[in-house]
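One structure is given below, encoded as structure tokens.
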Amino acid sequence: MTVRDWANRGQTYVNARAPNLLGRFRSTDDEDENNPSTELATDTTSAYGSTAASVVTMANSKPDDVSLYATSSHHHEYFTGSAWIHPVYTKEQMDALEVNHRKTETFSDRVALRAILLMRIIFDLCTGYKHPKEGEAHLPKFRMTTRQWLDRFLFLESIAGVPGMVAGMIRHLHSLRALRRDRAWIESLVEEAYNERMHLLTFLKLQKPSVQMRTGLLIGQIIFYNLFFISYLISPATCHRFVGYLEEEAVITYTRCLEDIDAGRLPELASMEVPDIARTYWHMEDDCTMRDLIQYVRADEAKHCEVNHTFGNLHQTSDRNPFALVIDNGRPQPSKDLTTFRSVGWRRDEIAN
């Protein structure tokens, strides 16, 4: 059977399906005479006739929003749901959220905290941030513009999404080698990385990073990924403590931003429209504001703080993940939402087994 015969046999199916398929994938720009995909489709002549034209049009068409950094508010049929359903946070829970610094108790705790303090210095230099003392936030030298805040968020989230994926990957490979289950650690770690990436994708809808920023993110990710990978092989408990302290710093960042919004120092940021990706992921109300969005992100970071400080207290190979399954023993237990939130983490003897 020749190629032409195969094309003719499939032409009936393609003609019946193409209008529906093209309607889902074709952009409004495809109708423009200057659009390459339209020109390619109309100028193509071959033995395949309309079949070839249809396939070429589909292959070269593009959705409205082809860039991660686009600010278009268009809705798309091809938008996929979240791999993990985000827990619902109430406004009362987020308003009452307090994150306390966990004091160091062991040598590994001190190593983790000092590593974070060093990383914080580099992070502040890269984003032009200076942390004010009590009552000094209004001074000009501590002022942060909307662009500076969004740059800081982008930098933070691009780094914060690394530990969960690295830890999850290492534990996944260990589970394969050991031929046994991981007691549900992998799921929470990968979900954490996914959550941080959703933060990043949300802020990318609000601001496109500069070339310098993207270069810095690339270099930072390469260095941080490899250092964290090696460190997790050596001492996973120390790495979880490190992430716990990292999330404490993230909470401080978003808390400071909320204070600036409330004080009227960020009118441009406060007036921005919440991206659709955020509305869907966090189940936000129709009248939500940027302040609400920052509160949701802050609550996520606080939750990661609790999870990783708890993981740092547990036996790394034999203890179960207490956030994956809640066992009722008559005492408060860790949960996926904020109902039993404890920022400094849960001690091993507090968790039901």
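Cβ atoms are placed via backbone N, Cα and C, with glycine included.
Annotation source Swiss-Prot lists Fe cation 1 binding site at Glu157, Glu196, His199, Glu301. Annotation for His199 (Fe cation 1 binding site): spatial neighbours Phe153, Glu157, Ala160, Gly161, Val297, Asp300, criterion Cβ-Cβ under 8 Å with sequence separation of six or more.
For Glu196, Glu247, Glu301, His304, the entry in Swiss-Prot reads Fe cation 2 binding site, with the evidence type similarity to another entry. The Cβ of Glu196 (Fe cation 1 binding site) lies under 8 Å from the Cβ of Glu157, Ala160, Gly161, Gly164, His304, each of which sits 6+ residues away along the same chain. In the three-state DSSP reading, Glu196 (Fe cation 1 binding site) counts as helix.
The feature compositional bias 'Polar residues' is assigned by Swiss-Prot to 35-45.
Among the features that Swiss-Prot reports, region 'Disordered' is placed at 25-45.
The transmembrane segment annotation in Swiss-Prot covers 153-173 (among others). Sequence-distant contacts of the transmembrane segment (153-173) (same chain, six or more residues past either end, CB-CB distance under 8 Å): 123, 126-127, 182, 185-186, 189-194, 196-197, 199-200, 203-204, 207, 209, 213, 216-217, 220-221, 224-225, 228-229, 232-233, 236, 239-240, 242-243, 246-247, 250, 253, 297, 301, 304.
Annotation source Swiss-Prot lists transmembrane segment at 217-237 (among others).
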Remaining residues near the recorded Fe cation 2 site, that is with C-beta within 8 Å of the centroid of the site residues Glu196, Glu247, Glu301, His304: Ala160, Glu192, Asn195, Val243, Leu246, Ala250, Asp300, Ala302, Lys303, Cys305
Cβ atoms near Glu301 (Fe cation 1 binding site) (within 10 Å, other residues, all chains): 26
Residue pair Glu301 (Fe cation 1 binding site), Glu247 (Fe cation 2 binding site) - Cα distance, angstrom, rounded: 6
8 Å Cβ shell about Glu157, Glu196, His199, Glu301 centroid, Fe cation 1 site members excluded: Phe153, Leu156, Ala160, Gly161, Asn195, Arg197, Met198, Leu200, Ala250, Val297, Asp300, His304
C-beta crowding around His304 (Fe cation 2 binding site), within 10 angstroms: 24
Cβ neighbour count (within 10 Å, all chains shown) around Glu157 (Fe cation 1 binding site): 23
CB within-chain contacts under 8 A for Glu247 (Fe cation 2 binding site), separation at least 6: Ala160, Glu301, Ala302, His304, Cys305, Asn308
